[in-house]
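According to TrEMBL, the features are:
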type    : residues                                                                           : note
BINDING : Asn42, Lys43, Met44, Asp45, Asn112, Val113, Gly114, Lys115, Ser116, Ser117, Gly164 : GTP binding site
DOMAIN  : 1-168                                                                              : domain 'CP-type G'
Amino acid sequence: MQSSLKLVDCIIEVHDARIPLSGRNPLFQETLGLKPHLLVLNKMDLADLTEQQKIMQHLEGEGLKNVIFTNCVKDENVKQIIPMVTELIGRSHRYHRRENLEYCIMVIGVPNVGKSSLINSLRRQHLRKGKATRVGGEPGITRAVMSKIQVSERPLLFLLDTPGVLAPRIESVETGLKLALCGTVLDHLVGEETMADYLLYTLNKHQRFGYVQHYGLGSACDNIERVLKSVAVKLGKTQKVKVLTGTGNVNVIQPNYPAAARDFLQTFRRGLLGSVMLDLDILRGHPPAETVP
């Protein structure tokens with residue numbers, strides 16, 4: 001990414017709108033220098049944005065004045081991006097590039113926040129063309145800095161897609177769990193049942209009880225084992241297990257807890273449990289306290 005910087009006029013950082021204040025890689029700002037910078041908070045359709053004004057004020061306090069909320073799947077607000085980029089470039093110094101009429105933008109961000117989706121959305125909007133980059137529902141689809149991809153004719157604008165890059169050290173356990181819930185870390189590295197437990201805790205804390213209705217639970221519950229058991233039974237996700245008893249082996253049907261946890265997480269990520277703001281505590285002045293040693 002650093003070696004491609006001399007070609008770049010502006011940086012678009014893409015992040016998940018459900019965690020607008022957590023999990024951004026702090027090294028981006030240091031590494032990528034003083035290039036014009038636009039923050040795109042994607043997946044706005046999955047985020048509870050009732051506190052949007054507070055989010056903007058918080059980001060402005062961190063020096064981020066150029067912020068756009070988008071839903072790249074449905075092309076919402078994507079048309080605002082190129083005019084803002086051209087304005088930012090127009091206000092900046094393009095050293096050694098005055099003779100060059102084309103613009104080159106680098107797209108950066110942590111894994112699986114929608115960088116490739118953004119590029120494809122821009123192409124649909126401005127070139128009426130389809131996919132230029134692969135899109136996936138898990139981190140790690142883009143593996144290298146790609147060649148330039150045209151996204152606009154006037155102005156002539158190219159984007160560089162880059163792999164998702166997480167900070168080498170996550171600031172707290174809670175930030176790590178938020179990143180995992182949003183799919184920026186492969187689930188098995190954290191543990192699906194651990195993530196499901198944190199998700200249940202978060203939904204209850206924010207009084208988001210969509211899971212009760214979705215899974216027909218009857219009432220809210222803070223016991224993850226009980227919730228996953230109900231999910232497993234409802235979805236028919238059970239498994240036969242041999243149990244050794246005094247009279248020999250007995251087949252017992254048990255809930256498949258990992259499969260139930262997987263379904264709980266995927267249902268949340270598709271927005272079927274309602275919109276959520278995972279950074280509500282930070283917005284209300286309660287940053288995560290538990291630091292990873």
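Quick reminder: no glycine exception, Cβ is built from N, Cα and C everywhere.
Within the model, the domain 'CP-type G' (1-168) carries an average pLDDT of 84. For the binding-site residues given as Gly114, Gly164, the lowest number of other CB atoms within 10 Å of the residue's CB is seen at Gly164. For the GTP site, whose binding residues are given in the record as Asn42, Lys43, Met44, Asp45, Asn112, Val113, Gly114, Lys115, Ser116, Ser117, Gly164, the maximum C-alpha distance rounds to 21 Å. The local packing around Asn42 (GTP binding site), expressed as other Cβ atoms within 10 Å of its Cβ over all shown chains, amounts to 28. Within 10 Å of the C-beta of Met44 (GTP binding site) we count 22 further C-beta atoms, all protein chains included.
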